[in-house]
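A quick write-up on the structure given underneath.
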Amino acid sequence: MATPGPLGESEEQIHKVLDQNGQQMNGATGNGAHADVLPGAVAVKGDVEMAQREPSLPPPGTPPAPEPAAAPGAPESDAGETYVSVTYFDILKHFSLMGYIGFGGPAAHIGLFQRYFVERYKWMSEQVFAELFALGQCLPGPTSTQVSFAIGTVKKGVLGGLMSGALFQYPGAVVMTVVGAGAAKWLTNPPGWLEGIVMGLSAVGVALVASATKGMLMKLCNTNVTAIVGTLAAAAAIYWTEPWLYPLCIVIGFIVTNITDRKIDKTLKGSDGGVESLGFGMLGGGILVGLWMAVLIAVLVLARTIYKDGDGPLNWFEVFFRIGSIIYGGGQVVLPMLLTDVVKTDADGNELPNTWVTEQQFYAGLGAVQAMPGPLFNFSAYLGCIMAIKFKYPFILGAVLAWFGLFSPGVMLMFGVLPYWKRFRTWQIYRRGLTGMNAVGVGLILASVFKMTVDVYNLAPHKSAALCIGLFAFTAVDELKIFEPIVVIGGALLGLLSWGAKMH
């Protein structure tokens, strides 16, 4: 909607109005209109600057009007801020980098996106980014992947979203496809030097997550209520791993802050926050959500009727698409579900001859993907290769079916829901609940810091060296602001050094 600027008035007229009403009024100039993609827009920055250059003074003795208080726990208003318009080349340049430095899992990815596209490059406001993060938390699928597609979409539409998401995913996906096709046996008994490098990369990944979590805690858990909500969500995520836990925590966070903030006016204020597109229209979004549902129903029916107990491509796709459609919480939840479906065992836990993947192959690939940049869901490409090779299909067929099966539900839902986000982001109930949902999301990331630290320590061949590498990496990224790719390379070299020096 277009929001017209206030009509200009002379200083004498303003003083006349002030004298009559006894109220303070600030002068404003400009009568242009500013077209916004999203509701809640204000006058463009040029109008604000002109008003600042030619201020209207209140009558002597008039007390200054108090500044309106910001809502607790909410991102700061972006009124008066300007955000850059990007080109497809900008998306290509920046997301190509993200694909190679995105170590550490979804928590680190969200932190990287915030650091680069909100703080450094000003693509969007803190408020818009927090809403995209919350939207990803509320939808099934990998949150960091969904946010990567959403960032490109809100800047350059559907094509921009496909570019940003694909560029972020492909490095890890390609490497894991190659690993599954040719190196799966080698990974079951890796050489010592490779273990050292993986240890160094894993320690850096934990440091990146810790740095990202620190920044998000300070911004999204900055009140007593949100700090408690985030901490309880983290504790629950550490203690339980059931798939229902994550959506339950998000609903509870939504309810809690709707209660505690019920008297706070959280009307959407500020500009469009850098949003220039919502991708598909509402009709297109609805069709996309319907298509996701139709595909899910079709593969579920076929896999349980015509292809029941089969070991072919449709059965593989059904498993990954089904899991991708119901998964909340990222890798910690998806791994047990994948293990149950692809490693076939009898009642005593012994592997069956027709198992799609052996348990040894599963855990070897898991170790490899954790040392790769990009989403943990790239593990699906590795599993698809192994399954295809076992059943005499081209390895690339298995990789494509498994990878698209696991990723596509969450991506389709994000593209489908974004057009409706324009409407419900203005609702008071949503804006009050958003504070709690973001606190829960940060709490789940905080839990991953502790769990990843313990896992990396237990799996490291040189435990004390791994802790030191993580400490150095945290200081380098969080305090010294060293470029992340340099820190990643340094961690790998330190891990190799620890192997060479036999730092047991």
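Any Cβ shown, glycine's included, is placed from N, Cα and C.
Here TrEMBL flags 56-69 as compositional bias 'Pro residues'. The feature region 'Disordered' is assigned by TrEMBL to 51-78. As annotated by TrEMBL, transmembrane segment applies to 166-187, 193-213, 220-238, 244-260, 280-307, 319-342, 362-389, 395-421, 433-454, 482-501.
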*What parts of the chain pack near the transmembrane segment (244-260), using Cβ distances under 8 Å and only residues at least 6 beyond its ends?*
73, 137-138, 225-226, 229, 233, 236-237, 328-329, 333, 429, 432-437, 439-441, 443-444
*Candidate ranges 193-213, 280-307, 362-389, 395-421, 433-454 - greatest C-beta contact count to the transmembrane segment (482-501) (under 8 angstroms)*: 193-213
_Is it the case that the transmembrane segment (362-389) and the transmembrane segment (193-213) touch, counting contact as three or more CB pairs under 8 Å in which the residues of each pair are 6 or more positions apart?_
yes
*Counting only pairs 6 or more apart in sequence, are there at least 3 Cβ pairs under 8 Å between the transmembrane segment (220-238) and the transmembrane segment (433-454)?*
yes
*asked:* Take the C-beta pairs under 8 A between the transmembrane segment (193-213) and each of 280-307, 395-421, 433-454. Which stretch has the highest count?
replied: 433-454
